[in-house]
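The structure appears below as structure tokens.
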Amino acid sequence: MGDTWAQLPWPGPPHSALLLVFFLLAAGVMHSDAGTSCPVLCTCRNQVVDCSNQRLFSVPPDLPMDTRNLSLAHNRIAAVPPGYLTCYMELRVLDLRNNSLMELPPGLFLHAKRLAHLDLSYNNLSHVPADMFREAHGLVHIDLSHNPWLRRVHPQAFQGLVHLRDLDLSYGGLAFLSLEALEGLPGLVTLQIGGNPWVCGCTMEPLLKWLRNRIQRCTADSQLAECRGPPEVEGAPLFSLTEESFKACHLTLTLDDYLFIAFVGFVVSIASVATNFLLGITANCCHRWSKANEEEEI
């Protein structure tokens, strides 16, 4: 009897039980990997990494490689290291609003070819350099609003962003914006430029003319865009200016104007010669009169 039991095969676990064990082990490994790849103070779920409102002074060093949506909003981040986005090829949304950024490193978006939405509002950016968004050709929305120190946008800052639809430059420190910075954006639909200290001189005319020609396609916050100068148009709505407002920028001289200038020049020349002649005669007479008086005294 003992030998009979020894020869019988030991019953193995059911097939379904093996599958259950394998599933639990795999789930544990996946959970462990996800846990180690999610930065401290951040939450990671469904390719969304949320590190907002954590009082961070620097960006988290490691993110899940498949991150699509990254929020670093409402922190105290002052700088983003060069090449920070190099490994995150799936990134679609980057939210850096309400931080302390003064500038971004060159080539930050060089590998962010799928980035579509970028929020840099409420920072301390002072300028937008040339090729800042180089290779980020998928950008659809850029928010640069509420950067009070933003004084300059390079004419080639948005070069190559053919898919850009929404651009917010409101509430900055811009007094001038080059037409070249915008005319290379064929897909632009919404442009926000209100709340800036615009100087509505002759250099502003090309931009205004371009906006008027695109008014059906480009919505601008006309109620908030006002002129800060020159004094004669201070406080005037930017879009209330007409071609008549820039008439002085296109003053041209006619033939009659040139003839009048030539005539005035001729008269001034004759008057100058006559004046010099009279002064010479007067000086000569005074000299002779003085000499005659000296001879009489002798």
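Positions of Cβ are set from backbone N, Cα and C atoms, glycine also.
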Among the candidates Cys42, Cys44, the one bonded to Cys51 through a disulphide according to Swiss-Prot is Cys42
According to Swiss-Prot, the disulfide-paired cysteine of Cys227 among Cys200, Cys285, Cys286:
Cys200
Which residues, given as numbers and ranges, are at least 6 beyond the ends of the repeat 'LRR 5' (163-186) yet have a Cβ under 8 Å from it?
121, 137-157, 192-199, 203-204, 206-207, 210, 221, 224, 228
